[in-house]
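Trainee: This structure is in structure tokens; I'll ask about it shortly.
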Amino acid sequence: MARVAVYGAGSWGTATAVVLADAGGEVALWGRRPELVRAINVTRTNPDYLPGVVLPDGITATADPAEAADGAEFAFLGVSAQQLRGALTGWAPVIRDDTVLVSLMKGVELGTDLLMSQVIAEVTGAGPDRIAVVSGPNLAKEITARQPAASVVACRDITVAERLQQVLHTPCFRPYTNTDVIGCELGGAVKNVIALAVGMADGMEFGDNTKAALMTRGLAETTRLAVAMGADPQTLAGLAGMGDLIATCASPLSRNHTFGANLGRGLSVTQASAVMTQTAEGVASCVSVLDLARRHAVEMPIAEAVVGVVKDGVHPRTAVKGLMERAAKPE
Ligand SMILES: NC(=O)C1=CN([C@@H]2O[C@H](COP(=O)(O)OP(=O)(O)OC[C@H]3O[C@@H](n4cnc5c(N)ncnc54)[C@H](O)[C@@H]3O)[C@@H](O)[C@H]2O)C=CC1
Ligand SMILES: O=C(CO)COP(=O)(O)O
């Protein structure tokens, strides 16, 4: 039986703990608020993030990072991307140097433009064989309802990816291995930005043609960036790319889509932020994504339009007009 730690008792950390426990793992779920940890252990639910979902017996919550790390083969990291560096700096001293660090996050660090695997490497000094990523079309609520889903587990060391696949494999959750860590991470981070754009289109009551155009051209610009950064374009055609883009852009459960829809309906960024209780990673990461694009001389017009709306106060309708007025070009 695998002994694993999950750091972050939010929506996705908790849902991942459920998958790991369903797969037979003994799971220590670290939460930063002792009152939530107590509530999880007493009620066997996470009332703040996944109310109504009964947590399997294999999960024990703790507020002590050392207790969570004790004997863990894998440490899954599930806080919001902009908080990872600070949080991991606190946990790193208690995590054994043979524990594999697994990013659950879909964001790019502001200021450094680093992917989460790169932040993990920088903070802990771990090599590529100790850093992995889980990414794919995995909306937490559907996962905890045990609806059939697939995902990607990526590590440069395929044997580590295969072991990770085993510890996450359940009758409802089917992980595929990959060694393209950067491609998987970029697929996850950039689809959040595209989902903001699709959400805006929904909020402005545009129809499916608009959404299909944004998703398809969004995937094209994601793939351009990923290839420029050394990823395999096939990764972006898979679950961590197209798969996650479809789920996130289509689902009202997506926080990024919801945030974008509120902007499209006319809310300001401040108003849209005020009604969010969970993380919408694209809102911060769009800036780092665009930065990466500029550094790698890659055109990302949709990401640029999203940054215009989210950071520079451009009206979503003006942003659409800007996209439509771009010079005509071959596909
Ligand atoms: N919810 C979902 O369906 C999925 C989410 N993800 C990704 O997982 C990551 C986490 O998202 P969610 O769990 O959904 O967000 P969430 O908003 O539900 O939870 C975030 C968690 O991070 C914790 N946290 C925030 N700042 C912290 C800090 N400084 N120190 C320690 N803990 C801190 C919060 O207490 C909370 O437990 C994101 O990158 C998201 O893109 C990936 C796949 C699915
Ligand atoms: O990553 C997700 C699904 O795969 C969740 O998307 P949101 O963060 O937009 O809810």
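Note: Cβ is positioned from N, Cα and C throughout, glycine not excepted.
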Trainee: Given that TrEMBL annotates S11, W12, R32, R33, Y49, A140, R255, E281 as binding NADPH, state which candidate in K106, K311 belongs to that site as well.
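Mentor: TrEMBL lists S11, W12, R32, R33, Y49, A140, R255, E281 binding NADPH, and from K106, K311 it also lists K106.
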Trainee: In TrEMBL, K106, G136, K191, S254, R255, N256 are given as binding sn-glycerol 3-phosphate, so which of D97, D98, D202, D244 is in that site too?
Mentor: D244
Trainee: For the binding-site residues S11, R32, D244, R255, which residues place their CB under 6 A from an atom of ligand 2?
Mentor: D244, R255
Trainee: Taking Cα-Cα distance, which of the binding-site residues Y49, S254, E281 are within 10 Å of S11 (NAD(+) binding site)?
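Mentor: Final answer, ordered: Y49.
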Trainee: Check the binding-site residues A9, G10, G136, D244 for any whose Cβ is under 6 angstroms from an atom of ligand 1, and report them in sequence order.
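Mentor: Cβ under 6 Å from ligand 1: A9, G10.
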Trainee: Where does R32 (NADPH binding site) sit in DSSP terms: helix, strand, or coil?
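Mentor: The three-state answer is coil.
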Trainee: Closest of the binding-site residues to K106 (sn-glycerol 3-phosphate binding site), Cα to Cα, picking from G8, G13, R32, R255, E281?
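Mentor: Going through G8, G13, R32, R255, E281 one by one, the Cα closest to that of K106 (sn-glycerol 3-phosphate binding site) is E281.
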Trainee: About how far apart, in whole Å, are the alpha carbons (Cα) of R32 (NADPH binding site) and N256 (sn-glycerol 3-phosphate binding site)?
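Mentor: So the alpha carbons of R32 (NADPH binding site) and N256 (sn-glycerol 3-phosphate binding site) sit roughly 24 Å from each other.
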